[in-house]
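J.: Here it is, the structure in full.
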Amino acid sequence: MTTYTSGVKETNTQKERDSDTLYRKIFWRLVPVIFISQVFAFLDRVNVGFARSHMTHDLGLTAAQYGFSAGVFFLGAMLLEVPSNLYLQRIGARKTLSRIMVLWGLASAATMLVKTPQQFIIARFVLGLCEAGFWPGVLLYLTYWFPAERRAQATAACLLAPIAAGTIAGPISGLILGSMEGVAGLHGWQWMFVLEGLPACLLGILVFLRLPDSPQTVTWLSNGERTQLLADLGRGASAVPETAQWASLGRTGWRKLALFSLVLFCLLSGIFLNVFWLPTVIHESGVNGDLRIGLYSMLPYLVSGVATVLVSRHSDRHRERRWHFAGAMLVGACGIIVLTFGHASPFMALLGICLLGGGLSPALPIFWTLPPVYLPKAALPGAIALINVIGGLGALVGPSLVGTLRDRTGSMQLSMAPFVVVLVIGAVALAVGTRTRS
């Protein structure tokens, strides 16, 4: 009996080792390409925060106009995200993601041509249209390769790319803004958009050459590995019959979709008010100079990166999502409280920003592991995109509302205070709404 039990344990241990080897291979084949792409996607979104003071002077931007222009990017993205994800399922990830990258690189570089606040708002909207479907496409693509229990770390790795981009965005953008001012008769912010936008076009070609569409099309998996992967993916899928995409949701599925959309709205409103207004918060705490502000902005992103890795690993190890997410959201809410009461000090401002980013950054990869668990597989392409569209309104509302409140109150920190309530709502909603399945 002891020998039999020992043999079973050894067999299970060998299976676990083989499984770890398989997913390690998949990870290093796919995630680095996605990671680099995500770096430039995020860089082209957030570099505007570092150029704000210069563009305010050159274009006459108000805080409200800047906040709206930062957020209107997401309005453009929302319009095309669902069609893009459905089209990805039809023609494959390689063609879809590479097309998106080339177009957004061109749109970002073209922002150098704007002359008025209205043109800048239009340019940001067009950038959103061009980038529409990239992140939902990546999320859908990961479901083709990683079962639910393996997906959090892969998703977290992809979400480390925006953190990496945020870490380098400040110093690089600050250096360009300071050193390229007046070169060839252009402002520093014009050079920033060109030099940080065009590399995405080259990366689009790399994605087309390197990214396989599905496990069935690759040669670097053995037949045994492919069989194991497809079996794991089948076990991880929601046990709802694969009927018509939207019909397969049912009443319960639509309720879950609404829940996830609300929670994502709360989460993204907090993330992007931090992203787009971070340089302003640092500047108003007493830090001056483009390069110094950029260097100070590195610390919150470094903290966010470490927190994302540690919390995601802990969540995967314990197979628990709900309380990890809620706790992370509450840490972010504490960060806003610190900013509200300690905004006059660079140390307190950085502490608040670090708590805000360090809480919300790990919440995002944990969040995206949940829809594939609660929603039917047949509905995932459209459902993930729709959640991202509705929830993405938070990325529009957050920066825009902060800008409007700042114009009225004159205080950056007081403008962020209402989002304490928003983050608490998101934490409670997910904790209560996902009790029935872990």
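Going from the start of the chain as shown, residues are counted 1 onward.
Glycine too: its Cβ is placed from the backbone N, Cα and C atoms.
What TrEMBL records for this protein is below:
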TRANSMEM  26-43  transmembrane segment
DOMAIN    30-438  domain 'Major facilitator superfamily (MFS) profile'
TRANSMEM  63-84  transmembrane segment
TRANSMEM  96-114  transmembrane segment
TRANSMEM  120-142  transmembrane segment
TRANSMEM  154-177  transmembrane segment
TRANSMEM  189-209  transmembrane segment
TRANSMEM  257-278  transmembrane segment
TRANSMEM  293-311  transmembrane segment
TRANSMEM  323-341  transmembrane segment
TRANSMEM  347-368  transmembrane segment
TRANSMEM  380-402  transmembrane segment
TRANSMEM  414-433  transmembrane segment
J.: With pairs 6 or more apart in sequence, are the transmembrane segment (323-341) and the transmembrane segment (414-433) linked by at least 3 Cβ pairs under 8 Å?
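T.: Taking Cβ pairs at least 6 residues apart, the transmembrane segment (414-433) and the transmembrane segment (323-341) are in contact, with 3 or more under 8 Å.
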J.: Considering pairs 6 or more residues apart, do the transmembrane segment (26-43) and the transmembrane segment (257-278) have at least three CB pairs under 8 Å?
T.: no
J.: Residues of the same chain, at least six outside the transmembrane segment (154-177), with any C-beta under 8 angstroms of its C-beta?
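T.: For the transmembrane segment (154-177), the nonlocal Cβ contacts are 27, 31, 34-43, 46-47, 50-51, 54, 138-139, 142, 145-146, 188-189, 191-192, 195-196, 275, 279, 289-298, 300-302, 304-305, 308-309, 312, 361-362, 364-365, 368-369.
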J.: Which of 63-84, 120-142, 257-278, 380-402 has the most Cβ pairs closer than 8 Å to the transmembrane segment (347-368)?
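T.: Most Cβ pairs under 8 Å with the transmembrane segment (347-368) come from 257-278.
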J.: Tell me, what is the mean pLDDT of the domain 'Major facilitator superfamily (MFS) profile' (30-438)?
T.: 86
J.: Who are the long-range neighbours of the transmembrane segment (293-311) in its own chain, taking Cβ under 8 Å and residues 6 or more past its ends?
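T.: For the transmembrane segment (293-311), the far contacts come to 50, 156, 159-160, 163-164, 166-175, 274, 278-279, 282-283, 287, 324, 328, 346, 350, 353-354, 356-362, 365-366.
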J.: Any chance the transmembrane segment (257-278) and the transmembrane segment (63-84) have 3 or more Cβ pairs under 8 A, given the pairs are 6 or more apart in sequence?
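T.: Answer yes, regions in contact.
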J.: Using Cβ atoms and a strict cutoff of less than 8 Å, what residues sit near the transmembrane segment (380-402) while being 6 or more residues removed from its termini?
T.: 64, 67-68, 70-75, 77-78, 81-82, 84-86, 88-89, 133, 135-136, 139-140, 143, 245-246, 249, 253, 257, 260-273, 276-277, 371-372, 412, 415-416, 418-419
J.: Hey, which bits of the same chain come close to the transmembrane segment (63-84), Cβ under 8 Å, at least six residues off its ends?
T.: 45, 48-49, 52, 55-56, 96, 100, 117, 120-121, 124-133, 136-137, 272, 276-277, 382, 385-386, 388-389, 392-393, 395-404, 406-407
J.: Apart from its near flanks, which chain residues at least 6 from the ends of the transmembrane segment (120-142) lie with a Cβ under 8 angstroms of it?
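T.: Cβ under 8 Å, 6 or more out: 34, 37-38, 41, 44-45, 48, 55, 59, 61, 65, 68-70, 72-81, 83-85, 87-89, 93, 96-97, 100-101, 103-104, 106-108, 110-111, 113-114, 151, 154-155, 158, 368, 380-381, 384-385, 388.
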